[in-house]
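Working notes for the structure below.
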Amino acid sequence: MAKAPKTAYVCNDCGAEFSRWQGQCSACKAWNTITEVRLISTAKSKNDRFSGYAGETQAKIQTLSEISLQETPRFSSGFSELDRVLGGGIVPGSAILIGGHPGAGKSTLLLQVMCGLAKNMTALYVTGEESLQQVAMRASRLGLPSDQLKMLSETSVEQICNLADQLKPQIIVVDSIQVMHLADIQSSPGSVAQVRECASFLTRYAKTRQVAIIMVGHVTKDGTLAGPKVLEHAIDCSLLLEGEADSRYRTLRSHKNRFGAVNELGVFGMTEQGLREVKNPSAIFLSRGDEITSGSSVMVLWEGTRPLLVEIQALVDHSMLANPRRVAVGLEQNRLALLLAVLHRHGGLQMADQDVFVNVVGGVKVSETSADLALLLALISSFRNRPLPQDLVIFGEVGLAGEIRPVPSGQERISEAAKHGFKRAIVPFGNKPKSAVENMQVFTVKKLTDALAVLDNL
């Protein structure tokens, strides 16, 4: 009599396994995300080519000094913004995951990249969601050279790797990982087990063949990559392509990168010919015209290895509600509440009866604390209905005691602002330039009261 297959219960969000079903995942605290999956015994690989890892067919112990320090040469994707996010180009043997909402432009960007790379190397584009005719129509509409790019419509990972062994490409795109499946996994495509095992299989194939594999992934409603968390641990680089549906600009950000900086940012513009690089991102995020308005300030972000000028807009208005509204777009809601408390305690401005709305222009998401001072001065400008000078740039972290703390790369931020024509800057005292910046008047402040005093004299 055949034994009944073993089962386990796996969380669809984080991949945690349990011996029985429960309503809430004790690992990630999500509700109703645990599903039953069948377990199969992992047999020894019948193909020795798939048994090695990182290019080695058999594992062996080495001393650290015996390992070659020669860096694997990268190759360019054809897009300098994408190369920047990847850390300087595509590394052979790397496994890259790129996610984004439907319509963000993931497939369009990768099709443009692959058509360009196919001129000088063997490139394979595997589509599992679209037919070959649909991909060909998109390439024709975008005016892309399509005579060299190899195409394959397949969802079986084993078959994809077998065909790739015959073609021997230098780069493979798999669109998308959620529709791929392995025959040995007893679950439907898109399940936790299938996504995890397919990604691991493709990653192992990339390492053993020294072929770069780019996998397309779906995202959840909150903007995180769908599938188990172990998916992000298995790959080398995780990218997220973001952009509002009604916006012509897209931002590509690295959330994990073993070959470069994390949180590196690349900016693209969506056109009729596909995605185009934006060489000067600061220009598109500064939307101010000739008319000076209150509640607007400019700060310098540090995204990965590049400085970026961003405009912050604030609107403070008397509230008709018992509980005034606090809305932050592009900024953390809790950070806004914290700064309002600091402004009341150490700045003497009471906004408890005011509605407060804050927005970062261009859809940029700001997570670093260097935006604190710029946000506070924008709030004060709106509250007093007094515009800030157009040639003023601001950055600095604000502490709970009202102190202004320095931020990393202060000199580079000031220099970037000067390049864009800004004449004045309010910065923390700890970021005081070691030498004078040409055509830039720098005001250094230690406390919030110092910043308010500078603001009154501008």
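Just so it is clear, glycine is given a Cβ too, placed from its N, Cα and C backbone atoms.
Listed in Swiss-Prot for this protein:
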type	residues	note
BINDING	Gly100, His101, Pro102, Gly103, Ala104, Gly105, Lys106, Ser107	ATP binding site
REGION	355-458	region 'Lon-protease-like'
MOTIF	256-260	motif 'RadA KNRFG motif'
ZN_FING	11-28	zinc finger
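Annotated features taken from Swiss-Prot, shown on the structure.
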residue	record	contacts (Cβ under 8 Å, 6+ apart)
Gly100	ATP binding site	Lys106, Val219, Leu240, Leu241, Glu242
Pro102	ATP binding site	none
Ala104	ATP binding site	Leu241, Glu242, Gly243, Arg250
Gly105	ATP binding site	Leu241, Gly243, Arg250, Phe268, Met270, Gly274, Leu275
Ser107	ATP binding site	Glu130, Val135, Arg138, Asp175, Val216
Binding-site residues listed as His101, Lys106, least Cβ neighbours within 10 Å: His101
On the 0 to 100 pLDDT scale, where does the zinc finger (11-28) sit on average? 83
Per DSSP, what is the residue tally for the zinc finger (11-28) in helix, strand and coil? 0 helix, 4 strand, 14 coil
If you draw a 10 Å sphere on the Cβ of Gly103 (ATP binding site), how many other Cβ atoms land inside? 11
Remaining residues near the recorded ATP site, that is with C-beta within 8 Å of the centroid of the site residues Gly100, His101, Pro102, Gly103, Ala104, Gly105, Lys106, Ser107: Thr108, Leu241
For Ala104 (ATP binding site), the three-state class that DSSP assigns: coil
Go ahead and report the DSSP secondary structure tallies for the region 'Lon-protease-like' (355-458): helix first, then strand, then coil. 42 helix, 25 strand, 37 coil
